[in-house]
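Accompanying notes for the structure given below.
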Amino acid sequence: MLLVIDVGNTHTVIGVFRRSELVQRWRMATNKLHTADELRLKLQPLLASAELSAQDLDGACIASVVPKLTDAWGEAAFVLLGVMPVICNARAAGALFETDYPNPSEIGADRVADAVGAKALYGSPVVTVDFGTATNMEVIDKDGKFVGGVIAPGIDTSASALTERATKLGAIDFADPHTAIGRNTAEAMQVGIVYGEADRVDGIVNRIFDQLGYRAPVIATGGLAYRVAKISSTITDTNPDLTLEGLRLVYNEFVSNHG
């Protein structure tokens with residue numbers, strides 16, 4: 001079995017694959033101060049809760065956008081499993097991540113995993129939208145090459161900025177807005193954040209289509225993907241485990257090339 005770990009700025013998602021099947025999935029808050037020992041001690045009871053142990057795992061693949069935690073999770077996985085984990089990046093993905101991009105080494109691990117997973121599951125061309133601390137969009141063209149993408153503030157990030165800078169506004173409840181005209185402050189904020197995100201995504205995706213010269217499936221993932229997808233005119237499918245699937249594929253590619 002394979003352990004996959006997607007370390008984001010806000011949340012960390014951990015999964016276990018049995019061959020190609022995701023059999024366990026956990027989501028926890030990211031703490032950038034955690035040491036390797038602390039992460040290992042958090043991981044062990046999660047595995048035990050699924051009646052798994054380190055001995056059941058053959059390897060691990062990690063995608064992290066937090067450099068300090070890349071090292072900490074890598075050490076934790078090594079101590080627990082006794083094998084070096086694969087760290088996801090453009091080089092590790094090998095032939096799965098063909099690019100027409102000036103500097104592939106700068107592409108974030110989560111973006112690589114999303115692109116690899118989407119291309120494998122949906123073919124080419126395809127566009128991914130990952131709703132996290134940032135809203136990331138990745139573009140695979142009709143030739144199967146990663147050609148670039150978009151990085152924008154995520155829903156939570158935008159909401160936090162609004163409430164922190166506008167002192168009279170309270171915390172935002174991300175309920176589905178039922179009107180385009182907010183009739184109270186809470187509704188107005190919901191409309192602005194949720195509809196604003198959906199319309200931003202749709203607007204950028206349509207610009208992407210114009211630049212490509214053709215349309216493509218648009219796959220949403222991330223914590224709030226389901227909410228935005230319901231009101232988006234361009235998102236064609238949601239896949240909450242897209243990043244984890246990409247990590248599985250990157251691991252297999254790396255092992256097949258490097259043993």
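Every residue, even glycine, has its Cβ placed from backbone N, Cα and C.
These features come from TrEMBL:
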type	residues	note
ACT_SITE	ASP110	active site, proton acceptor
BINDING	ASP6, VAL7, GLY8, ASN9, THR10, HIS11, THR12, VAL13, THR133	ATP binding site
BINDING	TYR101, GLY108, ALA109, ASP110, ARG111, THR185	substrate binding site
BINDING	ASP130	K(+) binding site
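Taking the features listed in TrEMBL, we show where each one sits on the structure.
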| residue | record | Cβ neighbours (10 Å) |
| --- | --- | --- |
| ASP6 | ATP binding site | 27 |
| GLY8 | ATP binding site | 24 |
| THR10 | ATP binding site | 13 |
| TYR101 | substrate binding site | 16 |
| GLY108 | substrate binding site | 19 |
| ALA109 | substrate binding site | 25 |
| ASP110 | active site, proton acceptor | 26 |
| ARG111 | substrate binding site | 26 |
| ASP130 | K(+) binding site | 26 |
| THR185 | substrate binding site | 12 |
| task | Check the binding-site residues THR12, THR133 for other C-beta atoms within 10 angstroms of each C-beta and report the one with the most. | result | THR12
| note | Expressed in Å to no decimal places, the gap between the Cα atoms of GLY108 (substrate binding site) and THR10 (ATP binding site) is 15
| query | Any idea what the Cα distance is from ALA109 (substrate binding site) over to THR10 (ATP binding site), rounded to a whole Å? | reply | 15
| ATP site, defined by ASP6, VAL7, GLY8, ASN9, THR10, HIS11, THR12, VAL13, THR133: further same-chain residues with Cβ within 8 Å of the Cβ centre | THR30, VAL65, VAL66, GLY132
| note | Candidates TYR101, ARG111, ASP130, THR185 (binding-site residues); nearest Cα to THR10 (ATP binding site) turns out to be ASP130
